[in-house]
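Here is what Swiss-Prot records for this protein:
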{"type": "ACT_SITE", "residues": "His305", "note": "active site, proton acceptor"}
{"type": "BINDING", "residues": "His551", "note": "heme b binding site"}
{"type": "DISULFID", "residues": "Cys216-Cys229", "note": "disulfide bond"}
{"type": "DISULFID", "residues": "Cys433-Cys440", "note": "disulfide bond"}
{"type": "DISULFID", "residues": "Cys746-Cys774", "note": "disulfide bond"}
{"type": "CARBOHYD", "residues": "Trp259", "note": "N-linked glycosylation site"}
{"type": "CARBOHYD", "residues": "Asn327", "note": "N-linked glycosylation site"}
{"type": "CARBOHYD", "residues": "Trp479", "note": "N-linked glycosylation site"}
{"type": "CARBOHYD", "residues": "Trp680", "note": "N-linked glycosylation site"}
{"type": "CARBOHYD", "residues": "Trp785", "note": "N-linked glycosylation site"}
{"type": "MOD_RES", "residues": "Cys210", "note": "N-acetylcysteine"}
{"type": "MOD_RES", "residues": "Tyr353", "note": "3',4'-dihydroxyphenylalanine"}
{"type": "SIGNAL", "residues": "1-16", "note": "signal peptide"}
{"type": "SITE", "residues": "Arg447", "note": "site 'Transition state stabilizer'"}
Amino acid sequence: MAKKVLLLSLYSAVLSTWFGFGYVQCKLPTSRSEIPNFDYTVAQQPDQSDACEQNEVCMVSVECILDAKKKAILKPCSTVPSVDGVCCPSSEYNGTSSRVQQNSEEHAADHLVLQAIHEGRREYDEKLRFEDEHRAVMTAKEKPEAMFHRMFLPGGLKTHGKEVVDAEEQANVYGHVFASRKYAELTNMTLKQRQGDRFARIPRAIRKRCLPPVPCNPHSRYRTIDGSCNNPLPDRTSWGMEGYPFDRVLEPAYEDGVWAPRIHSVTGNLLPSARVISVALFPDEYRPDPRLNILFMQMGQFISHDFTLSRGFTTKHGQAIECCTPNCTAPLFGPHRHFACFPIEVPPNDPFYSRFGVRCLNLVRIRLAQGPECQLGYAKQADLVTHFLDASTVYGSTNDVAAELRAFQQGRLKDSFPNGIELLPFARNRTACVPWARVCYEGGDIRTNQLLGLTMVHTLFMREHNRLAVGLSKINPHWDDERLYQEARRILIAEYQNVVYNEFLPILLGHERVQQLGLADPFDTYTNYYDPNLRPMTLAEVGAAAHRYGHSLVEGFFRFLTRESPPEDVFIKDIFNDPSKTLEPNSFDVMMFSFNQQPMEQMDRFLTYGLTRFLFKERKPFGSDLASLNIQRGRDFAVRPYNDYREWAGLGRITDFNQLGEVGALLAQVYESPDDVDLWPGGVLEPPAEGAVVGSTFVALLSAGYTRYKRADRYYFTNGPEVNPGAFTLQQLGEIRRTTLAGIICANADHKEDFYQAQEALRQSSADNVPVPCTRYDTVNLGLWREEGF
């Protein structure tokens, strides 16, 4: 039976962290040839004066970007809140801008920079002229119907099937990249210098190209929608906001040190085709997990969409780019190939695509971002959502989207009642769904309709917001719509963060690892996790590889259970971007109960054909291949080989495939050297670490990512009022900490008296996790939010 689907994330038209691609579907060939004042207590910061030297910073090990060998000789220390750490040299601290400071001391004459910028812009303008001349061939012919582009255009940026493009911003970003190449050539920079971002700063005369600071109110009780002003320091107000670039654990492997993707083996030959690797390493086999359910997989996708979204490059007119011939019989070459094309070649003997004459899978390189440093440098991919765990999937990452989702009554979000139960609001623009879908919804994220399970998790948190807003309005009838909306949002984000760090991560990374890193939260006590020097930026290695672990967890079907009928299996290949089944009676309760009971797939090398053959197939006999897209996207991002991250994580390098046993034999079938193995397949093939879902390399990378999401977030829900101007009272905090995902589900079930929910919502029901009536679950006591004196 076919296997998995999910955690789609980065796309090539949208990065996300689970599905990653920038894909325009091929035509079917016609023949086989074709802050408040209240009492509080705070976890005290330990005295570090005797532990670390003046030029060192005490931090959790994953925050220090040194590799494991260098970390091993660092002096131990105790961080806030009393977590074992290391004394990391401040120049190696990921949260500082040490590279920029060093670069500014090594900058060349301004005239060389100006010359490079001039020539870079001229080169970009020439490419645009070339694009105009060959637009008929370079652009997709099925827009706006082509699902693979349509679904990636963020809400509010669509106009008649085309994306609104800020031409000047795009010219600055790509002119900057071409200028960096020119500068590297003019100054004879080595590849190591380029990959280390040792470029010159931009002269003051033209620094209008640099990102300006965002004006902020450092005492705002509520976090902004777009993630700005989380860090109120003058030069850091844009840190972590939507559109900010990804960061990295290791330097990128751009072959020219600037933007050329990683395509060569260490032997000098070309790396194997991503599709060849997919076929050899990721077959379909039904292997259900014995403990965890589909809801764990689906929450993983929902969480990943909160901090990862990218889209592929488009023409200056906002049109999707085509990198394959119309019938996908070959990649485009020569004058017809757009400079942002990075298609996947399919061999003629492919066991599936050869039936349709497909020799090319379309993929366009991810759009780049203006970097925060006012300097030339290598390309940095744009993340189009906030870099925080702030439920942007519910509220959006821009003020325009947030406003569109609000009812502006009683603090509520918009909803709909097409079958008598509360569902998401109908989308004004149905291009996020297949044309034949009977309904299409709108949420805070453009991928809301991708999978039924994802749509229902969006529905769950929309319902929870509205439940909180209505409850607060009854307790505080004098509050206006804005206050009710912001307070309900503040509580929901806290509930969500509590679920992520205290229910989801202990399963994903292992309880021991979560405790060791200080990722688990205490009850009824404030913390001071916040580190203003740590940049809240999603790691490219997490978005482009590690958080795509979830593709292995996806089952090829959803099994819906009701008392009145036998189980119904709905195959994911038939319902991508089609949430029509939500219109059936009692759909919310039926689906949420079923997700609790159905096992997810095991974390292993087996992927459902629903993802590797039929991804977004619409009504065609074939779709795309998510495994191939993941591998190619990692190369687009210039993520370094798997071996480099093994070494960074302290596992040691592999020098012979035989060191990995059976897995090594599989890898040797497609790779020439252990140093060629791509990060995503290497990480997926690792056996799970003790107590974790994923292997040790992904545990290390995900730990680094989730440490940032907590320690670089001033508004993290357990931070006290000396840090967080929107801190909860201790009584409120304790109430939130006792909230569970099971309780949230029960609070929003339509028929609570008939709904049974196990306490551990991410695990299958069992003798140790028996479902009990929802009437036994307590909800958040909103009486603690009553404003006295009114």
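Any Cβ shown, glycine's included, is placed from N, Cα and C.
Cys216 (disulfide bond) is surrounded by 18 other CB atoms, counting those within 10 A of its CB over all protein chains shown.
Here the candidates are the recorded positions His305, Cys440, Arg447, Trp785. The one whose C-alpha lies nearest to that of Trp680 (N-linked glycosylation site) is His305. The DSSP secondary structure for Arg447 (site 'Transition state stabilizer') is coil. Long-range neighbours of Trp479 (N-linked glycosylation site) (same chain, six or more residues apart, CB within less than 8 Å of its CB): Gly411, Leu472, Ser473, Glu487, Glu787. Nearest in space to Cys746 (disulfide bond), taking C-alpha to C-alpha distance over the recorded positions Cys229, Asn327, Cys440, Trp785, is Trp785. Counting other Cβ atoms within 10 Å of each Cβ, the recorded positions Tyr353, Trp680 show the lowest value at Tyr353. Of all the Cβ atoms in the protein chains shown, 31 others lie within 10 Å of the Cβ of His305 (active site, proton acceptor). Look at the recorded positions Arg447, His551 and count other Cβ atoms within 10 Å of each Cβ; Arg447 has the fewest. Within the same chain, residues at least 6 positions away in sequence whose Cβ sits under 8 Å from that of Trp785 (N-linked glycosylation site) are Leu472, Ile475, Asn476, Glu487, Ile491, Gln732. For Cys774 (disulfide bond), the same-chain residues 6+ apart in sequence whose C-beta sits under 8 angstroms from its C-beta are Ile745, Cys746, Ala747, Ala749, Lys752, Glu753, Phe755, Tyr756, Gln757. Using Cα positions, the member of the recorded positions Cys216, Trp259, Cys440, Arg447 nearest to Asn327 (N-linked glycosylation site) is identified as Arg447. In the shown protein chains, 24 other C-beta atoms lie within 10 A of the C-beta of Cys433 (disulfide bond). Checking the recorded positions (Cys229, Trp259, His305) against Arg447 (site 'Transition state stabilizer') with a 10 Å Cα-Cα cut-off leaves His305. Put simply, Cys433 (disulfide bond) is 18 Å from His305 (active site, proton acceptor) when counted between their Cα atoms.
For the pair formed by Cys440 (disulfide bond) and Trp259 (N-linked glycosylation site), distance between Cα atoms is given as 37 Å, rounded to the nearest Å.
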